[in-house]
Amino acid sequence: MSEKRIEQWEVERYWEIFSSLSNGQPRLNNAQAATVLRNSRLRDEQLEKVWDLADVDGDGELDFEEFCVAMRLIFDLVNGELSEVPPSLPDWLVPESKAHLVQATQALSGREPQFERVEEDDDTPGLKDGFDWYMSPSDKGKYEEIYSANKNHRGELAFSSLQDLYESLSVPDTDIRSAWNLVNPSASSTINKDAALAFLHILNNRHEGYRIPRTIPASLRSSFESNKIDYQLDNVRTAKRWGVDNDTDTSTGRKAKFGDAYLSRLGIGGRTSYKPQGTDFSNTIQDEEWEKVRLRRELAELEKKLAAANTAAEDRKNGRTVAGGPNWALIKKEALQMLEYKERELRELREGTGRVKEGENLERLREDVNTVGEQIEGLRVHLAKRNEVLAVLRRQIEEEKRNR
């Protein structure tokens, strides 16, 4: 079982890069990610393959989980951990929230991994007949402990997620795979809860010296094949606690009770978040984090605009010019002076007096006067709009303060 994973410090570093590029949005497009990807100096065809692998949902953009996948692939290529871009994502690098998409893609492309069907050896010495499908409450509680510790976010169990358990059992690898094939008739990469409990029950009995059955009761098989997914994870019953009684010795008196050492090593006293396969981002960047980023950015912008508006209003009140902006009072004054001057020239032209030069075009002066009048009207409209914007900003800030 691979021990590779994306470490927490890597996730935090990737988050800093991602948030600086995304402008508060939950996804990066190709243009936004191009700069940081090309800084790796990998060949364009390599970057294209990395993008295609990381874009698990195929929407042409990278969310944060997919961005982490892309960055880790790039770093492994740059550091020599990988000589070329792999044809598919390794299991440890697949985000758990998108594992079902990868499995569906593999199934459609015919690459779904399947175990070779292993014929049972009826002549295995020392094994007993009489396998019983009945699960005692204590055994079932223990199975649910193990299932809860290793299920993914969709309530399903992968074969490789129980590798540590397999190593703690006195069960050959061929028998473990035979039991998996028995409860997984569709050869899927994961099984549902009913199949998982049956799988653990088979392993328990094999650990106690019973032969693995050849068939499964029809009622159980139908529940395995339907493979209905319960997305309401809160509906999954809490695993029952179990203890070790004085009569918990195995039939041999020497073996450890099924799963005891494994559960003790996990430190399970009930439901746990232990997930040994894949990359789980559930405890890193949540949707609430995105909302916080957006709200902080919006609040900072609103506060900045309010401060600027208050400063401008105070400057206008005191007759000062707003730094970095036009002095509308001065512009208005100059425009009125220009209008007065043009009106005076027009009046002198009509009366034939004053300094009006011979041959000046009366129509030209009229156009100038009209232009100045339009400019003044435009300034008035603009001032009214800016006052409306200021009022809207103040209302938004008051709403933000009330919502805090």
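The backbone N, Cα and C atoms fix where each Cβ goes, and this holds for glycine too.
The feature domain 'EH 1' is assigned by Swiss-Prot to 10-100. The DSSP breakdown of the domain 'EH 1' (10-100), given as helix, strand and coil counts, is 56 helix, 5 strand, 30 coil.
For 42-77, the entry in Swiss-Prot reads domain 'EF-hand'.
Summarising the annotation, Swiss-Prot assigns Ca(2+) binding site to Asp55, Asp57, Asp59, Glu61, Glu66 and lists sequence analysis as the type of evidence.
Residue counts for the domain 'EH 2' (139-227) under DSSP, helix first, then strand, then coil, are 57 helix, 5 strand, 27 coil. The annotation domain 'EH 2' is assigned in Swiss-Prot to 139-227.
For the coiled coil (280-404), the predicted model reports an average pLDDT of 74. Residues or ranges marked as coiled coil in Swiss-Prot (evidence: sequence analysis): 280-404.
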With the cut-off set at 10 Å between Cβ atoms, which of these binding-site residues ends up with the most neighbours? Options: Asp55, Asp57, Asp59, Glu61, Glu66.
Glu66
Residues near the Ca(2+) site, Asp55, Asp57, Asp59, Glu61, Glu66 excluded, by Cβ within 8 Å of the Cβ center?
Arg27, Ala54, Val56, Gly58, Gly60, Leu62, Asp63
